[in-house]
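> The structure that follows is given in the form of structure tokens.
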Amino acid sequence: YPEELAWHTNLSRKILRKSPELERFHQFLVSETECGNISRQEAVSMIPPLLLNVSPHHKILDMCAAPGSKTAQLIEMLHADMNVPFPKGFVIANDVDNKRCYLLVHQAKRLNSPCIMVVNHDASSIPNLQIDIDGKKEVLFYDRILCDVPCSGDGTMRKNIDVWKKWTTQNSLQLHGLQLRIATRGVEQLAEGGRMVYSTCSLNPIENEAVIAALLDKSQGALELADVSSELPGLKRMPGITKWKVMLKDGQWFEEWKDVPPNRQTQIRPTMFPIKEEEKLKAMNLERCLRILPHHQNTGGFFVAVLIKKSPMPWNKRQPKINQKLPQRTGDTVETAANLDEGTENITEEPALAENEESKKMQNLQKPDTEQSKKEGVCGPPPSKKMKLFGFKEDPFVFLPEDDPLFLPIQKFYALDPSFPKVNLLTRTQEGKKRQLYMVSKELRNVLLNNSERMKVINTGIKVWSRNSDGEQFGCAFRLAQEGIYTLYPFIHARIINVCIEDVKILLTQENPFLSKFSSETQKKVKDMAMGSIVLKYDPDPEKPDSLQCPIVLCGWQGKTSLRAFVPKNERLHYLRMMGVEVFKAKRKEEESEGKTEEEVECKQAQLEEGMDVEDNKHDSVTKMEAETGEESSNAPVESSAMEVECKTVDLEELSKNANNHV
């Protein structure tokens, strides 16, 4: 793994949870995972994002993204330069299962990125999106696509006992068609010169080489398999295979399509068989595929193929049939839009859209209220009735108008830089008081505004401000949110207090400490500042190499006689660990004080770990989740007030009063 950022343990989940000797390590893993500093996943699942070769400016589509471990890798690659708050690229993470989308949101939210959008569509018919480029509508093509398709999961046989009980050859025969449709839809939306990685956690050639061979065959030279033998040099791999047979559930084997009896030709399709023409087979270079076998390096089984698009797909070169003639009534316009929304397996990428004058005119004849909502920056749910038959009803995404009076007090209070992209601020409330303000990148704003009727967006944006009724009397009704502070900080020029390492420890370990507990320098700075939301910044001292050498930015609140930090609990524990403060005993004491039994603690940890090890089993149904069941706010980490983490007596009455604030 690049820069040695991955670590491997042979411990099973059961041993990790139950062993008293590993309790401290287990708590460290759970806590750091929850605040986004660690992602736990199967080792081989990390391979596909690495082979995508992502750069911060790339537009990326993750077609079958849940539960989101690979998506997290992609987001990290976008933010390779931590000094750039808004990379030019973005990740659109899609999944067909509405419930799994909320698990995906939970995973992505840990990384606090303004460049991620979670959508809910069938990957085999995911709609074409449009973006505005210099005032012209153009089809969005992706630079990188991750196509980690649903599979039989037979490569996970080491950890997944169900595979031994339920596996049949029928699984692959049923999935082959879906896998091919998803891969086909992926390459249609790939930009020329772009790279798509196709992967499964299966070792069956029907799901792997057969899909790739069929895709290469019908691409007629538009696609090629990339040679990645020099990438990831430490990885033990096997080449793709070129010969295989197809077997039915009853044990019948077939070598060629012509051998299949007519009554079996609905179960077995021609694309499942290897290519017989030697020259064509050699030109495909199927040996460039990667097969990872479990016994080679103590992992799961995995298949990966890297495809590069050299030219438009042959079925996209013709003029698109859609929008060939102008509609005569507004109703026709709506009907056409609805047909586009629902999509089919043969949706085209429409490369000739820019040249098609009639289609340009068609785009201008939009429904009046849709046009009006776009002007107001409202991205509501899609109008297609089909979309509303499942899942939760999502709130609209409403961008703040440039002249919104809500923003002026915020701008003045925090002395925001003139370069601050206020047009990228959005809320989830169309009417009434705006409780939270979120921020997206300029590129994602472009996607949202131009495709609200095409796609079902589950979540996007990072929370940067929260309404605080007490703040209005101090000049600003919105306080800073910790999850968005690293995005906002470069634009803030007021309300910043530089603190020393001892002050940071006090802020993170004490509940609402008095100002007298802080250093004299901090007290002087606070004295001249009005009450309200503040930024607490720690800069490392190079002359003290033994002290913490990474900068810290915290959100806080200045009262009359006290100073407090508004930071989620697991993030507090992270910073304290970095400073060498022991947090293990305190966490255990806290759980005992709240009356939790050992079983309840284990249940909580199991919920936190849910989804970490299901990355390769996309065909399994998702267990019911308690938190991710609806509104976006349920996915956001709760910002609690400080906990006592020193080994002191815990006031049970105080804990019961503040129980609702605890994570």
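Glycine too: its Cβ is placed from the backbone N, Cα and C atoms.
Sharing the feature lines straight out of TrEMBL:
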{"type": "DOMAIN", "residues": "1-310", "note": "domain 'SAM-dependent MTase RsmB/NOP-type'"}
{"type": "BINDING", "residues": "CYS64, ALA65, ALA66, PRO67, GLY68, SER69, LYS70, ASP95, ASP122, ASP148", "note": "S-adenosyl-L-methionine binding site"}
{"type": "ACT_SITE", "residues": "CYS201", "note": "active site, nucleophile"}
{"type": "REGION", "residues": "337-381", "note": "region 'Disordered'"}
{"type": "COMPBIAS", "residues": "368-377", "note": "compositional bias 'Basic and acidic residues'"}
{"type": "COMPBIAS", "residues": "587-598", "note": "compositional bias 'Basic and acidic residues'"}
{"type": "REGION", "residues": "587-645", "note": "region 'Disordered'"}
{"type": "COMPBIAS", "residues": "615-627", "note": "compositional bias 'Basic and acidic residues'"}
> So for LYS70 (S-adenosyl-L-methionine binding site), how many other CB atoms are inside 10 Å of its CB?
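Here the count is 28.
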> Return the count of C-beta atoms lying within 10 angstroms of the C-beta of CYS64 (S-adenosyl-L-methionine binding site), excluding that atom itself.
24
> Would you kindly give the Cα-Cα distance separating the residue listed as 'active site, nucleophile' and CYS64 (S-adenosyl-L-methionine binding site), rounded to the nearest Å?
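The Cα atom of CYS64 (S-adenosyl-L-methionine binding site) is 13 Å away from the Cα atom of the residue listed as 'active site, nucleophile'.
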> If you pair up every Cα among CYS64, ALA65, ALA66, PRO67, GLY68, SER69, LYS70, ASP95, ASP122, ASP148, the residues annotated as binding S-adenosyl-L-methionine, what's the maximum separation in angstrom, rounded to an integer?
20
> Write down the Cα-Cα distance for LYS70 (S-adenosyl-L-methionine binding site) and the residue listed as 'active site, nucleophile', rounded and given in Å.
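That separation, Cα to Cα, works out to 13 Å.
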> Within 10 angstroms of the C-beta of ASP122 (S-adenosyl-L-methionine binding site), what count of other C-beta atoms is obtained when all protein chains are considered?
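Here the count is 17.
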